[in-house]
Amino acid sequence: MAVKTLEDLLNDGDREIAGRGVLVRSDLNVPLDDNGAITDPGRIIASVPTLEALAEAGAKVIVTAHLGRPKGGPDPKYSLKPVAAALSEKLGRHVQLAGDVVGTDALARAEGLTDGDVLLLENIRFDPRETSKDDGERRKLAEALVELVGDDGAFVSDGFGVVHRKQASVYDIATLLPHYAGTLVAAEVKVLEQLTSSTDRPYAVVLGGSKVSDKLAVIESLAKKADSLVIGGGMCFTFLASQGVSVGKSLVQPEMIDTCRELLDTYGDVIHLPVDIVVAPEFSADAEPETVAADRIPEDKMGLDIGPESVKRFTNLLSNARTVFWNGPMGVFEFPAFAAGTKGVAEAIIGATAKGAFSVVGGGDSAAAVRQLGLAEDGFSHISTGGGASLEYLEGKELPGIQVLES
């Protein structure tokens, strides 16, 4: 990645960073419970090094980020208020929260910043221009963001989870200000470059999640490159159904059955499916679990996890791997009775890593599972903060938020 980094900005001999406005696009899109409490602060923690370095250097730091998918306007449910409190705690310094995105409160607070201050703008997606398909509308929002940091300001892209989006605070802003990759984005891209260019073999890929359609492009791409591709999670049932197996009430995408059959016909020696399944009569944390063979799922039950024999087989595949990429849980890990498959496969990846494998957890639910199941995060070589961005990179797609940094 031929881009300028945070180090270049901090060590620019021509322009002192102290006193300058710096807009940082962070990824602070953390999960909240029904009471609005943060359940996994991983992305907030990952954003700290860049913000800390800038504040320590005396920059006037303005952070922009989103939370959830508000529908085109302010919604208290998606306010960054709990994020600002958590960020203050993790950063060890007060983080102001603006009452709007680029309105009068944001402007007044930006003008009042002193060296080393940190201001978090309210949810950028409260402004519909952020996600507009209209280039002109997005540019107008980007221009309003420039006004907050000033003409001598800079932009630091540090939200890896959004670099696959062509949005005002990710893409358009970088066309208007001197731009740099933050610590997190630079590290993420370096890892993915390593994963795509110099892969040590055997190369094992573990894919989970609920829908085949969400992962189709990455399955097609990685099946050509990997030595083994393990499929679990809800999407394994569409693959099983494509082989004429009855999967009961399990999640199936009927429109993807032919595609799954073709994938198995083409890459049958690479793709590995579960051989046993943990089923239950309903999707519930206290549903009674039962382990059955993958081709013996009762009509009145649904699969909610892979079984112990599948974990054993997948562990054997992973034990000799030199490179591992994992994206997506093996089952409904949020329910303790259906978490063993995800935990078992994760432990197998940790075991391979301990023997020298290079392992990458591709963000999203997999990263949440690692933390929720109490697994050692340092047991993996890298845990990404961006699920969708990681997948699109591995598919070979151009990521707009990275592409623009290279210009």
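Just so it is clear, glycine is given a Cβ too, placed from its N, Cα and C backbone atoms.
Annotated substrate binding site per Swiss-Prot: ASP27, LEU28, ASN29, ARG43, HIS66, LEU67, GLY68, ARG69, ARG125, ARG165, in sequence order, evidence recorded as sequence analysis. For ASN29 (substrate binding site), applying a Cβ distance below 8 Å and a minimum sequence separation of six or more within one chain yields ARG43, ALA65, HIS66, LEU67, GLY68, GLY161, VAL162.
With a cut-off of 8 Å between CB atoms and residues at least 6 apart in sequence, the same chain places LEU207, GLY209, MET235, ASN327, GLY328, LEU391 near LYS215 (ATP binding site), listed in sequence order. In the three-state DSSP scheme, LYS215 (ATP binding site) is classed as helix. Swiss-Prot lists LYS215, GLY303, GLU334, GLY363, GLY364, ASP365, SER366 with the feature ATP binding site, giving sequence analysis as the kind of evidence.
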Spatial neighbours, same chain, of ASP27 (substrate binding site) - Cβ under 8 Å, 6+ residues apart: ARG43, ALA46, SER47, ALA65, ASP158, GLY159, PHE160, GLY161, VAL162, LEU184, THR385, GLY386
Number of other Cβ atoms within 10 Å of the Cβ of GLY364 (ATP binding site) across all protein chains: 21
Whole-number Å value for how far ARG125 (substrate binding site) lies from ASP365 (ATP binding site) (Cα to Cα): 22
GLY363 (ATP binding site) to ARG125 (substrate binding site) - Cα separation in whole Å: 21
Between GLY364 (ATP binding site) and ARG125 (substrate binding site), the C-alpha gap once rounded to whole angstrom: 20
Recorded ATP site residues LYS215, GLY303, GLU334, GLY363, GLY364, ASP365, SER366, farthest C-alpha pair in Å: 24
Pairwise Cα distance for GLY303 (ATP binding site)/ARG125 (substrate binding site) [Å, integer]: 36
